[in-house]
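Feature annotations, reproduced from TrEMBL:
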type    : residues                                       : note
DOMAIN  : 43-160                                         : domain 'Fructose-1-6-bisphosphatase class I N-terminal'
BINDING : GLU80, ASP98, LEU100                           : Mg(2+) 1 binding site
BINDING : ASP98, ASP101, GLU245                          : Mg(2+) 2 binding site
BINDING : ASP101, GLY102, SER103, SER104, TYR209, LYS239 : substrate binding site
DOMAIN  : 172-296                                        : domain 'Fructose-1-6-bisphosphatase class 1 C-terminal'
Amino acid sequence: MATTDVNTADTARAVRTIDGVVDIIASTAPEIRTGLPGRRVTAEDENPSGETQMAADVFADDLLCERIGALDGVGEYASEERPESVDVGTGRLSVAVDPLDGSSNLKPNNTMGTIFAVYDGPLPAHGRDLVAAGYVLYGPVMTMIVARNGTVDEYVLHDDASHELVREDVSLPDEGSVYGFGGRVPDWTDDFEAFAREVEQDASRKLRYGGSMIGDVNQILTYGGIFAYPTLESAPEGKLRVQFEGYPIGYVIETAGGATSDGTKSLLDVDKDGLHARTPMYVGNTELVAKLEAALD
Ligand SMILES: O=P(O)(O)OC[C@H]1O[C@](O)(COP(=O)(O)O)[C@@H](O)[C@@H]1O
Ligand SMILES: [Mg+2]
Ligand SMILES: [Mg+2]
């Protein structure tokens, strides 16, 4: 279980700020989506991870920085798209955002998301400092998952910027039926490949992989199973980033009763080695993540 929740964030101001962040994410998502059609092109710069930015990444980041930065109670804002965090106020909470997760899916018009993490403390923060986290999924329907106060809720987002609670206390189904593993197969380690082959052999499971972590993780939250973006031979830390992807998804999945790992321990216990540090990610049903850890041991 994630150990920190709003009850330990200790002030009414913090609770209001967390609610404010959730409201901003919900009300900005329709605008981000509306702004996508003209922004399926690359921007001029690379992001701090050395990846080509899409115009949409920059657009979504600017909108979120301006709005979240104006919220009372937020001290720092950071995103995957800017090298340093920005001091935006005097509050003790920090907000870290992956403005568009899976933006390489823009060209083929596949699914994408927006991830947010609210930490009680300065950035880079630790996974155990999280007080809320969640994501928007831009699918056929816009949905938002929010983990706070020890529970996970699902909302449908409407174009008029309102949001509607559609599922309370979301938890991973016991019998996981899907799996999705990222990275090039020849770049997987032998131990991970052996684990993947074992998962594939189970007739009750099928492959679901779209290449956007949020889309792939939301399938795990819906159907149960396991998602991995593993250690690669060419990249021992994998691809995904701790502050913007690993910690918040770890918080959501563990709050929903699942398990997460970097290969040896919970994603929430990974060291916070710099703002843009990466981590291998394995998330899903407890039994499958335990098998994975045993396989990599
Ligand atoms: O196609 P690749 O290079 O394996 O990467 C896929 C992974 O990269 C990501 O797109 C990285 O996130 P960003 O799009 O936010 O950079 C994940 O959503 C996805 O799991
Ligand atoms: Mg991402
Ligand atoms: Mg991104």
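Using N, Cα and C of the backbone, Cβ positions are placed for all residues, glycine too.
This view paints the features noted in TrEMBL onto the structure.
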| residue | record | Cβ contacts under 8 Å, 6 or more apart |
| --- | --- | --- |
| GLU80 | Mg(2+) 1 binding site | ASN47, PRO48, SER49, ASP57, ASP61, VAL97, ASP98, PRO99, ARG241, PHE244, HIS276 |
| LEU100 | Mg(2+) 1 binding site | ILE32, MET54, ALA56, ASP57, ALA60, LEU106, MET112, GLY113, THR114 |
| ASP101 | Mg(2+) 2 binding site | MET112, GLY113, THR114, ILE115, TYR135, SER212, MET213, ILE214, GLU245 |
| GLY102 | substrate binding site | ASN110, THR111, MET112, GLY113, GLY210, GLY211, SER212, MET213, ILE214, GLY215 |
| SER103 | substrate binding site | MET54, ALA56, ASP57, MET112 |
| SER104 | substrate binding site | MET54, GLY211 |
| TYR209 | substrate binding site | GLY180, PHE181, GLY182, ASP216 |
| LYS239 | substrate binding site | GLY182, GLY183, TYR229, LEU232, ARG278 |
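Taken residue by residue with DSSP, SER104 (substrate binding site) is part of a helix.
Proximity to ligand 2 (Cβ under 6 Å from any of its atoms) holds for these binding-site residues out of ASP101, LYS239, GLU245: ASP101, GLU245. The DSSP breakdown of the domain 'Fructose-1-6-bisphosphatase class 1 C-terminal' (172-296), given as helix, strand and coil counts, is 54 helix, 22 strand, 49 coil. Around GLU245 (Mg(2+) 2 binding site), a 10 Å sphere centred on its CB holds 27 further CB atoms from the protein chains shown. The local packing around ASP98 (Mg(2+) 1 binding site), expressed as other Cβ atoms within 10 Å of its Cβ over all shown chains, amounts to 28. Within 8 A of the CB centroid of the Mg(2+) 1 site residues GLU80, ASP98, LEU100, the other residues of that chain are ASP57, ALA60, ASP61, SER79, GLU81, VAL97, PRO99, ASP101, SER103, THR114, ILE115, PHE244, GLU245. The binding-site residues near ligand 1, defined by a Cβ under 6 Å from one of its atoms, are ASP98, ASP101, GLY102, SER103, chosen from ASP98, ASP101, GLY102, SER103, TYR209. Listed in sequence order, the binding-site residues among GLY102, SER104, TYR209, GLU245 whose CB lies under 6 angstroms from an atom of ligand 3 come out as none at all. The domain 'Fructose-1-6-bisphosphatase class 1 C-terminal' (172-296) scores a mean pLDDT of 97 in the predicted structure.
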